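Undergrad: Following this message is one structure expressed as structure tokens.
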Amino acid sequence: MSGDPRSFSFNQGDDHPIDSSQQPLHPTNTMADSYSDRNWGAPGGLDHTHSMRTQSTATPGMDNLGPAAVGGGISGIALGVANSHDRQSGVDAFRDTDGGNFPAERGYNAPGSDNPYVPPPPAAAYDSSDNLTARSGAYGSSAALAAAASAPAGASNTSRRSFVDSPYQGVGALDAGPYQRQSVYNNGDYPLVINPDEIIDDGDDGFALPNSKSAGHKSRAVPAAAAGAAGGAAAGGLLGGIFKSKAAAEGPSYGPVPGAGIEAAEKGQWAKPKPGTGSRKRGWIVGIILAVVIVGAIVGGAVGGTLGNREKESPSSSETASGDEKVNGDLGKDSDEIKSLMNNPNLHKVFPGMDYTPWGTQYPLCQKYPPSQNNVTRDIAVLSQLTNTVRLYGTDCNQTEMVLHAIDRLELTEMKLWLGVWIDTNKTTCERQLNQLYDVLDKTKDHSIFKGAIIGNEALYRAGSSIAEAEKTLISYMTEVRDHFKKNNINIPIATSDLGDNWNAELVKASDVVMANVHPFFAGVSVDLAASWTWDFWNNHNLVLTKGTDKKQIISEVGWPSGGGNDCGDGGNCPNDSAGSVAGIDEMNQFMSDWVCQALDNGTDYFWFEAFDEPWKIVYNTKNENWEDKWGLMDPARNLKDGLKIPDCGGKTAT
């Protein structure tokens, strides 16, 4: 969308530019006018939007970005919500930090560490979606979980994705993992422990958790046996110091954390049994082993049983990325497997864009276990039935090249790509990503396939010790890219994406497109109000920033989880199971029904988060918040979730 912002109407044909006499979409809009907030005073109507928070909660001297500040984070999603539910999407690994050095956005006293979100007003304050015209319609690895074990024999399958495995598992503030989107453990109770001796050191990036199993990209599926083994390994971690995987030759085998579990005991008193007690202790050892094996098998079987729909392995299944290509060749549009994937009548091209991260693209782990081109091709084949535009978050591990190759092999002449560059405090990482961006552009003859380059995602929380410093760093990188593009006659837009309320006049000036991440689920809004709330928030916080300019506005992330609990604007602290934003298939269906087709009719440009579940994110789930791995339209095997219905919008498709 460019030029004057357009109103979002819930009546068909009521699409028109907003004029000064037009009333706000919802009565709650007037709430903002009753509060005196900071005015940026920028020309061209670049005024800071008013927050619905009262001034009594503002923190002076923090540029309205302190704890519970006016406009802190997303007013409604809020900075505090962003800190407790940061929907991260890029290489969010604090590679140059140590265990005691928490970055600002995760520190306990960081700006916005509390939650300033005002609970949603009564239903009358929003237009209920009942009034809307609803349409019918990697590489896995087994991390050392404290005393967790090496994978059991046979569990080191290099072609299957595990619900508990990932090459880019994060550990709280130490390693949030590349391209992740998880809630932060505010209580500091991180689920994993890093063994520094097992960290792969490439000279600049650290804390990428190496794991015992590697999985290639033949499929996203995890066979029940492998899943059971993975679950058993996690539950029966005490066996790690005793059993070694027979598949160790296929990938690195990592034992439990030193000093923990049976391995530590084995090196201690068990290593030198007292005279006359050997047989008795051996008996106890055997008994313990058998008990743990049984418990591990039971728990592992339960985990395997929860995998749901799994992709059926073809006779030509292979174990590694190279093996996949050796057996199946370089998949293309004429491959039988691809033809099947591209012929799903339940998928409809109604999404303007999709957020996407190929599996196995963590640096430096991908240097040892390269991601699979064929797996990316399979993904793009499915994505092509949902959208014509794909967004990436980084350039590491040849992910951009693989997506471009997949588009070429599938002959998707209408498919476009938003390039992504990850920005954080690690200069080596940023420079590597930028150099890869330049290399991709140099090697691509026709730049018309690119819709733009997104420099950083929510970088204001990770590119500096403060938001002001991070913004300065981010803008400097954007300026560098702009200068490079101008020098080399590269004519594509340059943008960044961040939380909706983080945008200000300076950031708008530096970016060709205003890209805002807006998640109604984390605002604690009931699903029947979610579509209306999303539009209201975006309209009042982001569209206004481009008034008087020709800059486009895009919602860079929006979605709804299919399960895992409910959020009342302060995480899973809800009074009951039906309060706030409830995750579920029915709710996901309703949000899509209320939002997708009307946004398509209204010309709203957005990226849906996301196409596929990312099961490894289960490590970030907590007692009351179990949704991190459930944001996909499809399961990891590329199967549409049971009961989910993607609107067909009367046959209208996104362009």
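Yeah, the Cβs are placed from backbone N, Cα and C, and that goes for glycine too.
This is the feature table in Swiss-Prot:
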REGION    1-61  region 'Disordered'
COMPBIAS  19-33  compositional bias 'Polar residues'
REGION    89-114  region 'Disordered'
COMPBIAS  89-98  compositional bias 'Basic and acidic residues'
TRANSMEM  283-303  transmembrane segment
TOPO_DOM  304-655  topological domain 'Extracellular'
REGION    305-338  region 'Disordered'
COMPBIAS  323-338  compositional bias 'Basic and acidic residues'
CARBOHYD  N426  N-linked glycosylation site
ACT_SITE  E458  active site, proton donor
CARBOHYD  N576  N-linked glycosylation site
CARBOHYD  N602  N-linked glycosylation site
Undergrad: What does the DSSP secondary structure composition of the compositional bias 'Basic and acidic residues' (323-338) look like, as residue counts for helix, strand and coil?
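TA: Reading the DSSP string over the compositional bias 'Basic and acidic residues' (323-338) gives 9 helix, 0 strand, 7 coil.
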Undergrad: Would you kindly give the Cα-Cα distance separating N426 (N-linked glycosylation site) and the residue listed as 'active site, proton donor', rounded to the nearest Å?
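TA: One finds 15 Å between the Cα atoms of these residues.
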Undergrad: So what pLDDT does the topological domain 'Extracellular' (304-655) average out to?
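TA: So the average pLDDT across the topological domain 'Extracellular' (304-655) works out to 93.
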Undergrad: What kind of secondary structure is N602 (N-linked glycosylation site) part of, going by DSSP in three states?
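TA: Reduced to three states, the DSSP call for N602 (N-linked glycosylation site) is helix.
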Undergrad: Looking only at N426, N576, N602, which of these glycosylation sites has the biggest number of Cβ atoms within 10 Å around its Cβ?
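TA: That would be N426, with the most Cβ atoms nearby.
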Undergrad: In whole Å, how far is N576 (N-linked glycosylation site) from N602 (N-linked glycosylation site) when you measure between their Cα atoms?
TA: 36
Undergrad: Using DSSP with the three-state reduction, classify N426 (N-linked glycosylation site) as helix, strand or coil.
TA: coil
Undergrad: Between the Cα atoms of N576 (N-linked glycosylation site) and N426 (N-linked glycosylation site), find the distance and write it as a whole number of Å.
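TA: Between the alpha carbons of N576 (N-linked glycosylation site) and N426 (N-linked glycosylation site) there are 42 Å.
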Undergrad: Within 10 Å of the Cβ of E458 (active site, proton donor), how many other Cβ atoms can you find? Include all protein chains, please.
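TA: There are 26 of them.
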